Each structure stands twice: as C-alpha cells, then as structure tokens.
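Student: Below is the structure I would like to discuss, written out as structure tokens.
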Amino acid sequence: MDLRTMTQSLVTLAEDNIAFFSSQGPGETARRLSGVFEGVREQALGLEPALGRLLSVAHLFDLDPETPANGYRSLVHTARCCLAHLLHKSRYVASNRRSIFFRTGHNLAELEAYLAALTQLRALVYYAQRLLVTNQPGGLFFEGDEGLTADFLREYVTLHKGCFYGRCLGFQFTPAIRPFLQTISIGLVSFGEHYKRNETGLSVAASSLFTSGRFAIDPELRGAEFERITQNLDVHFWKAFWNITEIEVLSSLANMASATVRVSRLLSLPPEAFEMPLTADPTLTVTISPPLAHTGPGPVLIRLISYDLREGQDSEELSSLVKSNGQRSLELWPRPQQAPRSRSLVVHFHGGGFVAQTSRSHEPYLKSWAQELGAPIISIDYSLAPEAPFPRALEECFFAYCWAVKHCALLGSTGERICLAGDSAGGNLCFTVALRAAAYGVRVPDGIMAAYPATMLQPAASPSRLLSLMDPLLPLSVLSKCVSAYTGAKTEDHSNSDQKALGMMGLVRRDTAMLLRDFRLGASSWLNSFLELSGRKSQKMSEPTAEPMRRSVSEAALAQPQGPLGTDSLKNLTLRDLSLRGNSETPDTPEMSLSAETLGPSTPSNVDFLLPPEDAGEEAEAKNELSPMDRGLGVSATFPQGFHPRRSSQGPTQMPLYSSPIVKNPFMSPLLAPDSMLKSLPPVHIVACALDPMLDDSVMFARRLRNLDRPVTLQVVEDLPHGFLTLASLCRETRQAAELCVERIRLVLTPPAAPAPAPPPV
C-alpha cells in the first residue's frame, strides 16, 4: 500500500471511530478514545506531505541504484511502520467496538502510545527536512557551524522518548526481535535500580529476573524508567550492563549453543618491540613498538579460536603465551594427525562502544565463523575507555595485527590471505588499523569486513542518527557518553572502593555466593508485586466507577507518596543521586604515539562529500521546492506553526557534545580521512542495518571509497537492530544477516581467480 492510500485509509477509519465514540455520551473513556482518533487524523494528515518530500529526494543519497539505503529512507520506513500499526488497530477497533469482549482500556492505552510515537516521528521528519536544506549537496551529516550543531542537538535531546520504550518498543524491527528487546528493556530498568545501590555482576542478574514484576506488566512505567536511565546514568552504568554477558554462568550458557571448536585460548602478547619488513622493500624493516599511550607498555590479550587443531597451535612457543588465569580450551582427543596450516587468517575486533565487552562476548558467533570459514580467528581484547581512551585501543589492535602477521605460523595459518573483521566500534578499528598499517609501510590486510561500523565520531547529526531517539540499543545520549569516554573527556568515578579491591573475579565469586539468596528474595519480591497489584485491582472493583476502565499500574504508582521505585521519589532525586557523571569538558588532547606521517592532514576542509554535479543540481532543484519555512534559518524554524512535539519530563540531559578536536583525527573518524589515506585501504565490504542510527556512517564511507575508485561493497539488511551479530542465534533473520557477513569474509579469503589465457591467434 502506497503512502497516500495508507494515510487516506487511516483518516477515514479515524473519522468513523470519532463519530462512533462521540455519540457514546460524556463518559471519560469515550472522550479519550474520540480524542486519540482526532490526534491520529491530525498527525497522519500533517506527516504525509513531509514524508512525500523526503521520498522525492531520498534516491539522491543512495550509494547506487542497486543499494537504496540511507537515513531518509529509514525514517520514512519507520513512519510507515507506525502508520501501518495504527491502521491495523483502527480497523480492529471499528470492527469490535460494539463487542462485549472489546478491551477498552488495553486498546486505548495502545492507541495513545502509538499516537505519541507518531507525533515524535513527525518531529523527526521535520528535523530531517532541516538537515536536507542545511547540509552540503549529497551530504548526510549536519555540517553547520559548531554553535548551530550544539543548538540542534540540545533541541533534539529535549524530545520525549519514553513512548518508544513502552508499548511501542521495537515496533520498527522484525517481530522475532521484539520479545528479546522487551526482555532487555525490563532487565535494563531493573539493573538500573540495583546499580544505584552499588550492586554488580551476578547478584544483579539474579535479582533483576524477579524484582522487575511491575516493569514487566506496565509498559508505561517501563518506558518512563528506560528514558530516565538512558538520559541520566553515566558510561560506567552502561559498561557494567553490557558486561553482564562476561559473567561465567551467562557466557557458559551462550557457548553451549555455539559450535564446538578444538582451540579457544586466551594469549598474552608481551610488550616487546619487533621488526616488520616494509612492503615496498622487504629488505628494509620498521620497528613495531608496544602500546604506550596513557598507561605505558603492557601486554595485549588476544583469543585464538580454531575449529580444527592445526600445526603450530599446540607448540611450546604458543603455549608459553597462554594467559595463566584466562580460559584455556585446547581439546586434544586422538586424531590421525593435525590439520595443516590454513592459508587464511581472520583478525577480529569486537564491538561495545569502545567501553565494554571482550572477545568472550563475541565468542559464540566467532566459533561458528571458524567452522564455516575453515580458518583460525584471533580476536583482540583491547583496553577499554574511559580507563584507556584513544589511542590506546588502536595501538593495541595494530600491535596485535602486526604480531599475528609475523607469527601466523604459530596461529595455524600460512598468512597468504588475511582479513580484518569487526562490528560497530570494532569496524571503526578495522579501518584505522588498516590505515595505520599503510602509514607504517607494512603489509596491509587483503580485505576488511565491517558490520554496522562507526566511521564518524563527531557530534554531527544525520537522518539515520535521528533514529537514536527511538532505538533501545543505541540512544543518542548513550552514544555521546561512549564517544566522550573514548576521546578522554573527564568522567567522575563513583565506583565502590570495595568493588575495586575485589576485582572482576572477586566480584564473580562474591556474586555467586549471593545467587541463592537473591533468587529467594527476588522471587518473593516478584510475587509481592503481583499480589499488590491484585489487591489494588480488587479494591478498585469494590468502588463504584462511572467508567469500566482500570487505572494502569504506572498511574497507581505515580499516585503513591514515595514514588514507584521505593523510598526515593524520582521527582526528588538529585543529579548526584542519579550518578550523573557525564561531563562536556574535554582535557587537552592526549599525547599520541603516532608519527606525523601516520596522522597526515586531518582538517575536515580536505574532505569532499559532494555528489557528482548532475546529482547536486537535482538536489538543489528539490531544495527549491521546499517551503519558505523549510528554508528558514535556525533550529526554532524546524516545526510548522501549530505543531508541538512532546517534550521529555526527565529534565535536562547530561549529554557531552564531545567537541574535542581529537574527534577530527582520521584515526578516530576515518570518514574524515583525506583521500590520500583512504586510497591505501584494501577492498572493503560493509554490512549495515537499514534501521541502525549508524547507517549513514556506512553509506557515506562507501560513497567516499567509491568516488576514489576503491573496491567497496555495501549490503544493507532490513528490519534488524544494531548489533545483530551477537543475536545471530536468535531468529532466522539474524542468522541470515550473520551468514552474509561470513560470505563477505569468504570473498576476502578467496584469492582472485587468475585471468584466463588469451586464445591463440587464428
């Protein structure tokens, strides 16, 4: 169904429902139902022409006609999903509103939630129009002056977001993903409660399973708490939450469902310099120094994963590098002989926003890769921000890459073909490691596979980044805190000193001892929450009411004097109580162990994001068709007269704008690298998500490489969230997307076919 037909059908149904409920008397329920359908009609009629304008120019921002993907298309698709859901619900109401089984309260709550979502989506579409007329022709990123950029972001973060985290959570994704997102959101808000009490690790995981009853049964309360957490809690909270999968019990459960491999060993590379031959002249060498930034020389941890036990992988030299207190898995059941060394090697950099996770979090799908590719894989456990900001991670990844190239025989590979692979932040490191290898003059990998990479770490808005308003996995405030930590901006450390003394393993042992206690107490709390709800409902049923409509749990909780979270009212919590440690201050640029030749010119003025002249002219013509309001200057002119989006009730957001000049460094934002550096990259294969806030990073990076005649492919998967690789076993769609990544890696590892000999002359 095209957009105009969908809008007309929705408006017709809304008017029919308005007429029906307006004739039902002065009751509160009928009044609210009539009002919500009036709102649906108003927002749909206002949204349809704005979406049409974006659709008319969206093709100008695609990589090519075979890859129709960019942030403008994603916004339109998301709005259509919301309109389609409202259309379905409106039809259901029109067909069942006279039935005695019609659940008035449930349908009203769902309609109100999706109306709020549609209102906010309309605001995002107007923001996208502002980007369209402000950016350079063909550019997807907001390129206004810094003051206008800051104004834009401050205005953007004031929008209400809770409606996207309650009943509407994940409506834009494939249905198989939504139960997982609901589980994550419930776990997140429960984890936030325990985090405030300085509980960590397994005790949180256990307690959260049972103390989240009210969040599970009340989507509105869950959405409000989710919004509060994403806006107010600092990077240390997200680091702790994302690292839950590192706990022994949970990681073991994940590995049970993954492929069984012969080798999974955590190695510690000593911080010793070594020599590497230059590609241009192998008789000359260059010294590869150990990582030095911020913390001085230190070992680099890597995990070796191999489906078969290959020659060299059980050597004494490699065994001497095995980390003593790390996980050791080397299966040596009898076999006729070891497998020969593979011709290929995969070097993997994990994601996690530069602040969280390790190779262990990504081990399940890496084991499958090792089986399918028949090649050993090393995954780098680089140091994480904020304790180790840029360029520490880059230095460690580059050091490990060079070590692997030099010692590939120990890893079970001849090193004939080497592929860099990574997701999200790891994709960023794939590009920057390859750029640094070219700058040093050492061997550049034969290709790169980057899944949903971050290539622009500047605070530049783009159409796809507007989706972070509703994305439960990548909220804008969380992204900004991660990047701010990676750049080295100051963050307060409120972690408990006792926890520091225990360390990670001590915390796990302590939490394991508390597991049974938490299950017992948590189950009791969960049961009490349901009994309390039942008591409220029974009490209300005994009271005469004018309308057969129950009050939601969130309304009941908000009516309590002490607030829904116990003795601390949300309204009375101070910034310190919420552990607000985000800080927009940035220190001096950290000293980097990168030579001037490596850095190269990094001024953004050297970057050309322009389309070819014919596309630029077509877009300029499209801009002229926009109304004077659209062409007006200033953020305040974004919305038409009479339209007012919903604003957040959570107060001002602590969102650092990470404006440090270091974000313009091409080794942090490879999209800003000059042409001379990008020309040194090997073939690049990018797998992106259409609904990912990072989509425009991939599109613009691929366009820059294409304009430089560099080999690049861009595959965009539909209806999946950022981070689908870690969800590879969740459903058919994520498995297919993960298989696409494997196919891209296989293209790199497969040597190009030799040209056919010319036919003999006749």
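Using the three backbone atoms N, Cα and C, a Cβ is placed for every residue, glycine included.
I grabbed these lines from TrEMBL:
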type: DOMAIN; residues: 7-314; note: domain 'Hormone-sensitive lipase N-terminal'
type: DOMAIN; residues: 346-494; note: domain 'Alpha/beta hydrolase fold-3'
type: ACT_SITE; residues: S424; note: active site
type: REGION; residues: 537-654; note: region 'Disordered'
type: DOMAIN; residues: 663-725; note: domain 'Alpha/beta hydrolase fold-3'
Student: For the residue listed as 'active site', what is the tally of other C-beta atoms lying within 10 angstroms of its C-beta?
Tutor: 26
Student: Treating G and I as helix alongside H, and B as strand alongside E, what does DSSP give for the domain 'Alpha/beta hydrolase fold-3' (663-725) in helix, strand and coil?
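Tutor: Result for the domain 'Alpha/beta hydrolase fold-3' (663-725), in helix, strand, coil order: 24 helix, 12 strand, 27 coil.
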Student: State the mean pLDDT for the domain 'Alpha/beta hydrolase fold-3' (663-725).
Tutor: 96
